[in-house]
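Going by TrEMBL, these are the annotated features:
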- Leu9, Asp84, Gly87, Ser112, Ile113, Leu163, Val225, His250: S-adenosyl-L-methionine binding site (BINDING)
- 1-240: domain 'Tetrapyrrole methylase' (DOMAIN)
Amino acid sequence: MLYFIGLGLGDAKDITVKGLEIIKGCSRVYLEAYTSILTVGKEALEEYYGRELLLADRDMVEQEADEILKGADVSDVAFLVVGDPFGATTHSDLVLRAVNAGIHYRVIHNASIMNAVGCCGLQLYNFGETVSIVFWTDTWKPESFYDKIKRNRDMGMHTLCLLDIKVKEQSMENLMRGRKIYEPPRFMTVAQAAEQLLEIVQNRRDRGEELAITEETVCVGLARVGAEDQAIRAGSLREMASCDLGGPLHSMIVSGHLHPLEVDMLKLFSGCSEGLKSLKMTDSSTVHAGSSPSGQQAITSGGLCELKYSSTRGFKDFMAE
């Protein structure tokens, strides 16, 4: 049997009881080591699990999968994944290889950033498509994630942005020369992601496009979700570009329509933010910015400090400009 076991998001103790019991009975245990990290290292996991862990980097998983599958038809092999095995990053290829080889598999789920992100107070069913924001280079600056954020915003949906991780990456020179020399690990911060988004906003503005987001769009930065020193900050996109949330891993949310309960929760993480004052109330007769076709103006909420209740309409939603 090949077991895919989620490790959760914090430290060694986040594994499920079922997952730990399975690990202790496996002949080999692999630790997937390129899509995410915990707040503790391999040695701490080995001490808590009581097992030696074999690191499985991208090359092994994608090019030497047969090594992982070897013997899994007659004994148990575990493949450990930070978060949930089928959360932010799937391992469908390894599943298909196992099935084609006649090997049974089983998945032991755990918390993933995809659901734990709800800790900031934004409701999970109000999220649209998740996007990945990659590190730009001098010659490669993709903007496709912005277009996905725009589609989500057009529907009033929030966007979870997963930020780039560079682990065991080679420089172009070493890659071309075939040298197995790797660059130090890099983990994108919320500030770096916000800076790239701000540059895209300016690019689109210069081209005369209608903007999906602006410098004042309300965003949420998250760091080390699931750990004891988890950090959450709510504010404008501009403010995100200068915030320091500490060590990895970071994620960022670009907000869509905000329910009053979501607004109340964001107040817990806004600190002295000025960016949240751009929120505007919306309902069937008003729009989130400018004028509606009937000429009625959007109603400024005065920041997060005012929530209006109507006996005929109930709470009105908010939309960040």
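Quick reminder: no glycine exception, Cβ is built from N, Cα and C everywhere.
Heads up, TrEMBL stuff is auto-annotated, nobody curated it.
The average pLDDT for the domain 'Tetrapyrrole methylase' (1-240) in the predicted structure is 90.
Residue pairs drawn from Leu9, Asp84, Gly87, Ser112, Ile113, Leu163, Val225, His250, the listed S-adenosyl-L-methionine binders, are separated by up to 17 Å at the Cα level. Residues near His250 (S-adenosyl-L-methionine binding site) in space but far in sequence (CB under 8 A, at least 6 apart, same chain), listed by position: Leu163, Phe187, Met188, Thr189, Val190, Ala193, Gly221, Leu222, Ala223.
Within 10 Å of the C-beta of Leu9 (S-adenosyl-L-methionine binding site) there are 24 other C-beta atoms, taking all protein chains into account. Residue environment of Ile113 (S-adenosyl-L-methionine binding site) contains 21 other Cβ atoms, counted within 10 Å of its Cβ in all protein chains.
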